[in-house]
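Enquirer: Please see the structure below; I have some questions.
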Amino acid sequence: MSSLVLKRFSSTFTAKPIPSKAHHHIPLPSSSFPSGYALTGIHAGVKKQAGVPDLSVILSTSEHPTSAAACFTRNAFKAAPVLVSDEVLKKNGGWAKAVVVNSGCANAVTGKQGMDDAWAMVKATDALLPPSAKFEHQTLVMSTGVIGQNLPISKILSGIRESKETLNSDFSAWERAAQAFMTTDTFPKLRSRVFKINGFEYRMAGMDKGAGMIHPNMGPATTFKPKQLHATLLGCILTDAAVSPKSLQDALTYAVDRSFNSISVDGDMSTNDSIYALANGAAKGPLIDEETDKEAYEVFKKELTDFATDLAQLVVRDGEGATKFVTVTVKGAPSYRDAHNIASRISTSALVKTALYGEDANWGRILAASGSVPLLPSSSTGEPLTIDPTKVSVTFIPSDGTSPLPVLVNGEPEVVDEVRAKEIMTLEDFEIFVNLGMSDDPEGEAKYWTCDFSYEYVRINGDYRS
């Protein structure tokens, strides 16, 4: 692996040592990256510290058309790059060949100047691609960092032009591109995998960033339907499979709901949350389309969902000040959405999260959070539904393979072995399992991933202007 120093950045993005627990999440050299992409990460000057990557350029070099999909924040204050990328996708009908990302400045709540700057980034990156006779613009843009400040756009545009000299497809290029996503992250989040569909081998790789201001609630482009509101989460997933634009968007929407929309660090939704997917067909396999080959599409959707889940979990593991990685599973709900809403509420409860930091198996806080979420009306009768407390069970499940610890069974509290409870709570990874006992339907189950609230989280966010 190439030599690199990974830091936790403050409000001025000065270097600080990373925690030792993050070392085993740092990406290792891999040859399983998708074909037909060239990328780089460079220092353009957005961040004050010299040499720290803050600009990433990703190009599809495939001779085949490249489909693109996106899920964006539902925050009312959508940043300029979100609005611009949404417009590019809408005009192109789901085709794009490049992504440009800057870190250190979010270009959010920046008015007309912010929109002009985002479009300037698109046009500068378009210039690195062969001209398209069909599309005016071929680039999607992402930004992350401080809200309410204008981009140093001249530095960024110079960086985009200069990036042409360092574009590559080797591991170092992927690694540098992932580093350029980082703000308060302590390590670059980069993963890749190989998968097969109908005998054809494909590759998928992706990078994301996020450690604070994490509670995404993203939806597909141009179809925002706000639900409850949830530093920014950005992600880009690339594959050399050929996937139709509609199928790529449908698969990404499904995957994001069960991965990035199922994580929380602090319960705050960003203005910039964005996940992009590109499929360039460079592996020369048949087109994956849900209308013509449902089976192949379902395999691809599962691969994408599993991969997105891996990336999303890295964000929680790198949560600002986090000492715990906790899976919250809710089962036996009337619907997936009910289970998801309850798991979300548990995962964002400040009382639950502080108990996790204090290594206190305080299941009363878990129940209180669960019971505060109204269930959706019955899908068959439309009648309101309520949780039956006499059917609810809560169990703590350790990650080390030892015995689970039930603390509530069918509404009746167990005599809890406090020593055993403490053993589980001191683990870095464990699971909170809540069974509502209202349904046996597997669709009534959802998972969420969260972390604890520590003193360090308060210190970081007292120092960092988001």
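Quick reminder: no glycine exception, Cβ is built from N, Cα and C everywhere.
Just so it is clear, the model here is predicted, and its values are computed rather than measured.
Reproduced below are the annotations present in Swiss-Prot:
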type: TRANSIT; residues: 1-9; note: transit peptide
type: BINDING; residues: THR183, LYS209, THR232, GLU320, ASN461, SER466; note: substrate binding site
type: ACT_SITE; residues: THR232; note: active site, nucleophile
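For the listed features, I'd like the structural context: burial, neighbours, distances.
Expert: When other Cβ atoms within 10 Å of the Cβ of LYS209 (substrate binding site) are tallied across all protein chains shown, the result is 29. According to its DSSP assignment, LYS209 (substrate binding site) is in a strand.
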Enquirer: Can you tell which of the binding-site residues (THR183, ASN461) has the fewest other C-beta atoms within 10 angstroms of its C-beta?
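Expert: Candidates: the binding-site residues THR183, ASN461. Fewest Cβ atoms within 10 Å: ASN461.
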